[in-house]
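Chemist: Quick one: this structure, given as structure tokens, is what I'll be asking you about.
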Amino acid sequence: MEAAAAMEAGRKLAARHPHGRSRTAHNMSSSSLRKKSDAALVRKVPVAPLRPLLANLQEVFLATKLAVLFPAVPLAIAAQCFRFDQVWVFALSLLGLIPLAERVSFLTEQIALYTGPTVGGLLNATCGNATELIIALFALLKGKIEVVKCSLLGSVLSNLLLVLGTSLFCGGVVNLGARQPYDRNQSDVSTALLFLAVLCHSAPLLLRYAVAAGEHSVSATSASLDLSRACSFVMLASYVAYLFFQLKTHRQLFEPQEVDGGDAGDDDEEPALGFASALFWLALMTAVISVLSEYVVGTIEPTSQSWGLSVSFISIILLPIVGNAAEHAGAIIFALKNKLDITLGVALGSATQISMFVVPLSVLVAWIMGVQMDLDFKLLETGSLFMAVLVTAFTLQDGTSHYLKGILLLLCYIVIGACFFVARQPAGHANSNGALLDVPTGSMSVQAA
């Protein structure tokens with residue numbers, strides 16, 4: 001059976017890598033939503049040749065607490081094929097992305113068991129935010145630049161304020177009488193990279209205002225594009241340096257510490273799937289995510305009109321919350337267990353990955369596609385990003401946590417969400433490089449819907 005072969009491969013890998021496999025916080029967060037498969041059910045199947053296939057399907061589709069959401073995937077496809085209301089397609093596609101994102105994390109971890117920690121870490125760095133990247137690529141193909149910008153910005157804000165805030169609050173309430181420490185080294189590295197991201201986003205914005213004020217006699221559009229592409233190369237270079245720092249020279253800073261019995265540092269896990277099987281399912285899951293992402297991008301404007309919400313609000317608030325629900329739930333679960341290093345690794349690691357990898361990659365891919373996407377996320381968006389990074393950095397500076405820190409982060413997220421709720425952007429503006437703010441020379445005005 002494939003399960004037995006996978007276990008034998010795991011023993012061989014353990015002999016090959018005597019120091020074990022270093023699990024990232026992202027892997028461990030997703031693992032909190034998994035459950036063991038019941039092998040007894042498969043053994044009861046009378047046809048022996050079918051047992052390996054059924055065991056494989058059981059491990060992929062049923063070994064997760066989110067299996068109940070899998071029916072949303074075929075329902076979304078059926079709704080699109082039979083031309084149901086676009087709102088149903090949008091809602092079902094979002095629900096279907098939740099278990100798919102968790103399964104992609106599971107499959108990358110399975111592959112990492114065969115490839116070793118370094119290649120596994122690179123694979124996780126590439127696929128860790130596959131949903132956001134795929135949605136961004138489909139939005140670029142459709143020319144919806146504002147959807148790309150808002151969805152990526154929303155993912156960063158969601159991780160820094162909503163996920164981290166909820167985790168610190170819940171962990172603080174449950175562990176009210178206990179000390180809640182965490183390692184500051186990891187958070188210091190992540191917040192430094194996030195401040196670099198804020199600088200790269202601010203530079204094109206400041207340049208545009210300087211040109212509008214008559215301080216420089218250059219074309220604001222072309223100069224902003226050139227500056228954004230240069231900054232994108234800088235951001236990708238810094239992300240490569242960050243990966244080398246994380247996976248090679250200072251790996252110990254990013255390994256979750258063994259706490260309360262050692263379940264946080266389980267390095268002896270054996271593969272549940274064979275390498276070829278895991279690779280096949282990863283490719284298939286990614287393809288299905290691509291289909292649902294295309295549905296989400298194509299139906300976001302009708303949904304915006306039907307719900308009476310702006311495209312920017314849906315992209316910044318709703319898409320990140322639903323798209324990263326599995327990862328977010330895992331972060332909160334570990335905060336409840338007072339394992340804040342894992343929670344910080346998930347929230348800050350995901351925010352760093354999106355800011356320093358997905359965003360600049362989107363700019364460069366848009367350049368190749370002939371789409372004029374820059375790093376100018378406009379004033380409200382860039383200001384929200386700066387304040388989110390600043391508040392998070394101050395919140396994490398002392399190395400201990402309590403529930404009040406979580407409340408403050410959540411309140412910041414509510415205020416930012418309220419800003420985008422009242423700044424209603426017409427749905428048609430998502431198809432261009434337009435923005436919430438029109439800035440004529442010498443003045444600023446908010447464009448009303």
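Cβ coordinates are placed from backbone N, Cα and C, and glycine is handled just like the others.
Remember, TrEMBL labels are computer predictions, not curated facts.
The model shown is predicted, which means the values in this text are computed figures rather than measured ones.
From TrEMBL, here are the annotated features:
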COMPBIAS  13-24  compositional bias 'Basic residues'
DOMAIN    87-247  domain 'Sodium/calcium exchanger membrane region'
DOMAIN    278-416  domain 'Sodium/calcium exchanger membrane region'
REGION    9-37  region 'Disordered'
TRANSMEM  60-77  transmembrane segment
TRANSMEM  84-101  transmembrane segment
TRANSMEM  121-141  transmembrane segment
TRANSMEM  153-177  transmembrane segment
TRANSMEM  189-207  transmembrane segment
TRANSMEM  278-297  transmembrane segment
TRANSMEM  309-336  transmembrane segment
TRANSMEM  342-367  transmembrane segment
TRANSMEM  379-397  transmembrane segment
TRANSMEM  403-423  transmembrane segment
Chemist: Before we move on, state whether the transmembrane segment (342-367) and the transmembrane segment (84-101) share at least 3 Cβ pairs under 8 Å, counting only pairs 6 or more apart in sequence.
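Modeler: These two segments do not touch.
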Chemist: Using a Cβ-Cβ cut-off of under 8 Å, list the residues of the same chain that are 6+ residues beyond the ends of the transmembrane segment (403-423) and lie near it.
Modeler: 157-158, 160-162, 164-173, 176, 309-310, 312-313, 316-317, 380, 384, 387-388, 391-392, 395, 436, 446
Chemist: Given a Cβ distance threshold of under 8 angstroms, which distant residues of the chain, six or more beyond its ends, lie next to the transmembrane segment (84-101)?
Modeler: 64, 66-67, 69-70, 72-73, 75-76, 78, 130-131, 285, 288-289, 292-293, 295-296, 298-300, 302-303, 306-307, 318-319, 322-327
Chemist: When you scan the chain for residues with a C-beta under 8 Å from the transmembrane segment (379-397), skipping those not six or more beyond its ends, what do you find?
Modeler: 149-150, 153, 156-157, 160-161, 164, 168, 182, 184, 187, 191, 194-195, 197-198, 201-202, 205, 316, 344, 348, 405, 408-409, 412, 416, 419-420, 423, 436-437, 439, 444
Chemist: What are the DSSP helix, strand and coil residue counts for the domain 'Sodium/calcium exchanger membrane region' (278-416)?
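Modeler: When I sort the residues of the domain 'Sodium/calcium exchanger membrane region' (278-416) into the three classes, I find 116 helix, 1 strand, 22 coil.
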Chemist: Cβ under 8 Å to the transmembrane segment (153-177), counting only same-chain residues 6 or more beyond its ends: which ones?
Modeler: 129, 132, 194, 315-317, 319-321, 323-324, 327-328, 331-332, 334-336, 338, 340, 343-344, 346-348, 350-351, 354-355, 377, 381, 384-385, 388-389, 391-392, 395, 401-410, 412-413, 416
